[in-house]
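Visitor: Quick paste of what TrEMBL says about this protein:
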type: TRANSMEM; residues: 44-63; note: transmembrane segment
type: TRANSMEM; residues: 104-129; note: transmembrane segment
type: DOMAIN; residues: 104-317; note: domain 'ABC transmembrane type-1'
type: TRANSMEM; residues: 141-161; note: transmembrane segment
type: TRANSMEM; residues: 189-211; note: transmembrane segment
type: TRANSMEM; residues: 232-253; note: transmembrane segment
type: TRANSMEM; residues: 303-321; note: transmembrane segment
Amino acid sequence: MTVAIVGNVPYTLNCTDQTEIDIVVDTSARAATRPRRGRRGPHLWAVLFLLPSLIAIVSFDYWPLLRTGFLSMQSTNLFGQPNGFVGSDNFAAMFSDPDFWRTLGITVLFMLGSVAGKVIVGLAIALPVSQRVRGTGVFRASVLIPMAVSTAVAGLAFRALMTPSTGLFDVIARALGGDNVGWLTSTNVSLLSVIIVDVWTAIGFTVLLLLAALDSIDKQVFEAADVDGARFWRRTFSITLPLITPTLFFVVVTQSIQALREFTIINVLTAGGPADSTRTLVIDIYQAAFGGTADYGASSARSIILLVLILALTAIQFGVLERRVNYR
């Protein structure tokens, strides 16, 4: 008879060989107690691989934010160096300045117009293109062209197209019986012109997202709607739009943040003019810091307000708009 001890449990085994060893000791428990060499190796490698990203995040995200917060409570000299602690004086001066509130209003108008334009134009393009009609494949590819164009290059191109009198837009306006519009020189039209260019630069990204959302809808839903006699507009507002609300919500949130942070398009087209009619908060921040006065304290205070505005708007959107999102 052979007695085998497996772990801490004895087992009796029938054995005909009398020379069999009487007790077989399982070494699994002993093996489990052996120290494992190199267990820290994988964790160390993981930290080493993450280290470059962590350094980049701290260097280009967290440190500039902390530095901005520090400078917002400092006065600065003509060279932009801290000149002394002033507490909340930069914020008090900003809030008491009527030009700041005008700039803030222009920023909100630009954001609303930009987001509305991207959603409306994006849907106007994506809905018919998603029908897979013959020839829409070429149109799909052409819509993505703005994504391949640099924002600065797009701004320069549209500035040439909107040149007073000689630009293509004014030439078309005169051909249609109108007058020169002054796309970038009129205080009444310049903000609209900047919004149009901003919508054009982002329309490829918006349409791409909406097409992906539309293609993910089960076609049987539309077939059932056709059987019930639902027309195009009924299907659009009762079926299509509710089913793509997650994508619409994503577009609204991301493009709202992008519009509040937009700098290149505005700076290339108008630099905040004419008569500060397109002077958004980002342009105000740039001009306060690099416009000749090098007032980094005032610029940093405006940057903090922009950060708070973005965070507050995002929180409101998640608190209000997300309730209407239909997560299938």
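Glycine too: its Cβ is placed from the backbone N, Cα and C atoms.
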Visitor: State, in range form, which of 104-129, 141-161, 232-253 has the highest count of Cβ pairs under 8 Å to the transmembrane segment (189-211).
Guide: 104-129
Visitor: Do the transmembrane segment (232-253) and the transmembrane segment (44-63) come together with 3 or more C-beta pairs under 8 Å, pairs six or more apart in sequence?
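Guide: Stretch pair does not touch.
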